[in-house]
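These features come from TrEMBL:
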TRANSMEM  33-51  transmembrane segment
DOMAIN    42-270  domain 'G-protein coupled receptors family 1 profile'
TRANSMEM  63-89  transmembrane segment
TRANSMEM  109-130  transmembrane segment
TRANSMEM  151-172  transmembrane segment
TRANSMEM  198-229  transmembrane segment
TRANSMEM  250-270  transmembrane segment
DOMAIN    317-382  domain 'NAC-A/B'
COMPBIAS  418-434  compositional bias 'Acidic residues'
Amino acid sequence: MSSNGSSDFGWMMSSDVCNGSCSKREVSVTSSAVSMTVGIISNILALFILIKAYHRFKFKSKAAFLFFASALVLTDLFGHLINGSLAIYVYISRKDWERFDLNKSLCDFFGVCMAFFGLTPLLLGSLMAVERCIGVTRPLFHTTALGPHHVKRLLGVTWMLGLLVALLPILFQRRYQVQRSRSWCFFRLQGMRDWVDVFLPILFSVLGLLALLVSLVCNTVTGLTLLRCRGQLDRNHHRHCRNTSHHSEMVCQLLAIMLVSCVCWGPLLVRNFYWLVLELKEVNMNQEKLAKLQAQVRIGGKGTARRKRKVVHRTATADDKKLQSSLKKLAVNNIAGIEEVNMIKDDGTVIHFNNPKVQASLSANTFAITGHAETKQLTEMLPGILSQLGADSLTSLRKLAEQFPRQVLDNKAPKAEDIDEEDDDVPDLVENFDEASKNEAN
């Protein structure tokens, strides 16, 4: 009874945990899918309205604003589509990045999309605010300076700037990092290694805050200009101000875009910027402390500990990778049970291998011997290796033995030059010793 009760209780606990995690995952997938669907539908409707209005005002001053607005809606549409699809895939995979993203390529792509589709709408919003500010305050300059080709060029530069900032971590070989919620990837915000890891998210935050600041200033100037124009009492000015309804409508749209951007991105950008500045100071302080500690360290000299050098002897049996790859191509086979290999050279020496690794390829007529080699004299090896030699080896050994005494005798025989040198050392006999001996006898 107790065992059954414990097993049932364990199953209920695991079931509850599974149901809780599965329900959270289902809620996350559902919320991501709903957000992506609503964003795509609203952007498609807005894009349809803007394209229709652009064809209406194609040759008027409002065309540039509509063109930028269409680009903003199109960018936001692709952002919802790509980022939403990636988020849904991550939730379906249970956020197990180690399983479905071993080489971290998906995280890099996710991070690039998050950075590009996050920064580019802010830049486009500030560009639209600048365009309306110039159109209201300097209408003649707006007509001459912002032609269709200039507008397209500005749009291309804005997209390229956002893409460049998004690709900087890849170019600097600083890969994107899975964030704490494990549902998305972004710049490295934890575990900063050096100033480059701090610089990349700071650049993103600075550009985003700068875009919001430019939008705020330009929209404020545009709104004040329109209010001053409406307050004029002159009839000509009043008649001119009746044409400012379109400008007021566009300014209201810009204010709505700026408000949404400030609410969504403002707190995040400010918090990241403040936190990254503190992190940068900490990195600099750590480097200064490290430099001071390095200056205090003294290597060598009186009073310092003696440094011991550890010599690691590498054995000669380490396989060479290139050699092994070449032997694999020849399809060599290992020959087991060989205790020693002796290679007899012409000068009477023997290369001796003890317990070697022998590989052979009969088709390629190739033999490979790997092991510790020792050079010995033939006279040391002869008693023990005679039983290992075949008929051909014995014949070669007999010839070598016949040549060996001749070489020894030739080496031992004195040369004529040596004899002459020895004679030079002995003094010549000058006196006659025979006569002296005869005189002593008499």
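Note that Cβ sites are derived from N, Cα and C of the backbone, with glycine treated the same way.
Note that TrEMBL annotation is computational and uncurated.
Between the transmembrane segment (151-172) and the transmembrane segment (63-89), three or more CB pairs separated by 6 or more residues in sequence fall under 8 Å, so the two stretches touch.
Pairs of Cβ atoms less than 8 Å apart link the transmembrane segment (250-270) most often to 198-229, out of 33-51, 63-89, 109-130, 198-229. Per-residue pLDDT, averaged across the domain 'NAC-A/B' (317-382), gives 77. Using DSSP to sort the residues of the domain 'NAC-A/B' (317-382) gives these counts of helix, strand and coil: 14 helix, 29 strand, 23 coil.
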